[in-house]
Amino acid sequence: MSEQDANKERLELALEAAGLDLWENDLVTGEVICKTSKVFTELGYGEEESLSFMDDVFKIVHPEDIPLIKTAINNHLRGIATQYRCEFRVLSKSGAWVWYANYGKIMDRDENNSGRRFIGVTFNIDDRKRNEEMLAVRGQVWRTLVENSPDTIARYDRECRRIYVNLALSTLTEGGEKVLLGKKPSEFPGSHDYVDYEAKIQEVFETGRDIEFELNIKSRTGKELCNHIRLTAEHDSSGSIVTVMGVGRDISELNIQRQKINEMAFYDSLTGLPNRRLLIDRLQHTLASSTRSSLHNALIFIDLDNFKTLNDTLGHDIGDLLLKQTAQRLTACMRQEDTVARMGGDEFVIILENLSNHIQEAEFQVETINKKILTILNQPYQLANHNRHITPSIGIVIFSGNQFSIDELMKRADIAMYQAKKAGRNTIRFFDLDMQTAIENRSSLEESIKHALSRQQFELYYQPQVNSTGRIVGAEVLLRWQHPVHGMILPDDFIPIAEETGLIIPIGLQVMKSVCRQLKIWGNGPLKDNLHLSVNISACQFQQEDFVKKIINVFESVDINPARITLEITESMVLGNISETIKKMQALKKKGIKFAMDDFGTGHSSLSSLKKLPLDQIKIDQSFIHDIPENNDAAVIVQTIIAMGNNLGMEVIAEGVETTAQKDFLIQHQCVNFQGYLFGNPMPVNEFERVFKEQDFKW
Ligand code: C2E
Ligand code: CA
Ligand code: CA
């Protein structure tokens, strides 16, 4: 092959490789000298069609582009453009418009300029054109979005200087674009958070990963705003990071809502203190961090003494005031890092963290703090126009590490608090294991009492009450528990627990029913008429709202004369709400029921409030009877009580009479009713019936 041919072949291959279609026109003759049909084949046309288009290519050129092509050619012909360059669309066989470009030039055919040729190439630029179109659309969308976005948008260069800010950001900022562009965030007056901001921009430059965070800023009007910022890397076509875009969204409103929801879920609405949920959450943290630090912590349960009585007597509004003030006092005497929470009701819980790692020292620290709590809660409370003194019972458990579960810790603090109550209230108790054993016994006792109730293990004993002639006029009904294993259990060993657990209510009802049934039986026999039965009533029974109704229901359903029943109440019942007590007593008295004040002389109720009560009888407490006649103080008290009862027109009965000396002293001072071992122990019903009948023989 000659050198010329080889060059020609090389040229053809190069054109082929570059995807170029060569053409040449003779400008003098207008004749098409060279035209390949590559374009037409590419567009999907057959040979015949290609030939026809070669004659008149404008047949398939987009009508809008034809004038452009012509202008471009003319401009070149007239020497305005040194080269002919033009981009246009051509219709493909499938009906789509495909972009092509023509590059060409007029050249002299030979040295003497005798002929001019117009020579050039056509090539497909469809991909590039589509890309450009897309980018143009995208750019437009981006501009519209960014420019009008309510979010603040800034673009940062490698030195963290802003090279773009949108409208939202420039209007937010005093001085607008001018003070923002070319500056770093740290040069923005106001927040020190901005230094951190720059570090974050740098981090995005380094890692290419998005960073999100919240930033507190001040608007030009001075308003505090919270912005959620997202920093995103922006890449160039080669993939390297050129800028970082920061988009800020004002989430102040959202934050306020978030905070509200948070408050509702984790804070007590009355006192504003953390609630049970948050407390448990904090306790979890305490357990975790104390495992690491080995420092001691304390969980403190605080329960206000007699809160229920205050709530019932003065109303819930006053109760709420007390709780609020208690919350304030507790918060005031705690350190910032301690948690004071309200568990509900009148129960407050405190977590003391990071105490000493020596247990004795930690105990000492806790005791000191709790003495402070005790003192501060003992200050009188001004509750609207009521001045009240309220005391707390405090239970404490000290712990370190996560040896115990949260449930166990709460249980232990609760047990300790319960012990503080038992120890007479207004005091502090640390948890110890003996307490737990006692509590466990107690709860098994509670179960046994329930069991006893359903298995009818309770029995009534009757202790005679006699008059000055020694004749039995009635009996006090005393409860006995016939335990299948432990034998007979006396009331002092189970009544207090029955009272605490509320089991005394069904027990009391059962006693009342048995008493009525017994009276009904006697109603038909020789024990008729004048025999009275005295029944002990616990404070919590009496305080039930429907107490009166329940009692009336019992004797009406059994159909006995209520005048044969005396209810024994104690002074503690009167301490609560005296007018309510009187109302209940009067309702029952209307039906004929009588009332006795039991254990008289041991309570703290004032004489004036006692005088208001519609009592029929007072029972001198056995502790005074025990000491007469030898003990002068007791003798004086007994005499005074008798005189007072007689003055008020109430019957006086002495209980616990064991000796004739006691009986004689009492008779001498005009007390003519007695109860005690001297006349008979409490006894089962058949024995009581026998004793009663035998006395008829005697008399
Ligand atoms: P209380 O009402 O003061 O009952 C009198 C207690 O003194 C009874 O003890 C009785 O056995 C005892 N006693 C009677 N005579 C003498 C005596 O001469 N000397 C001495 N040292 N003691 C005497 P008991 O039966 O063990 O009852 C204890 C307490 O249990 C009662 O004290 C009462 O408060 C309560 N209780 C008993 N039965 C019931 C009941 O059915 N319901 C309620 N709510 N409480 C009851
Ligand atoms: Ca009694
Ligand atoms: Ca008594």
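Note that the numbers count up from 1, one per residue, in the order the chain is shown.
The backbone N, Cα and C atoms fix where each Cβ goes, and this holds for glycine too.
Here the structure is a predicted model, which means the values were calculated and not measured.
Database features (TrEMBL):
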{"type": "DOMAIN", "residues": "7-80", "note": "domain 'PAS'"}
{"type": "DOMAIN", "residues": "84-137", "note": "domain 'PAC'"}
{"type": "DOMAIN", "residues": "209-263", "note": "domain 'PAC'"}
{"type": "DOMAIN", "residues": "295-433", "note": "domain 'GGDEF'"}
{"type": "DOMAIN", "residues": "442-696", "note": "domain 'EAL'"}
Could you give me three numbers for the domain 'PAS' (7-80), the DSSP helix, strand and coil residue counts?
42 helix, 12 strand, 20 coil
According to DSSP, how is the domain 'PAC' (84-137) divided among helix, strand and coil residues?
12 helix, 29 strand, 13 coil
Provide the three-state DSSP residue tally for the domain 'GGDEF' (295-433): helix first, then strand, then coil.
63 helix, 41 strand, 35 coil
The domain 'PAC' (209-263), counted residue by residue under DSSP: helix, strand, coil:
12 helix, 30 strand, 13 coil
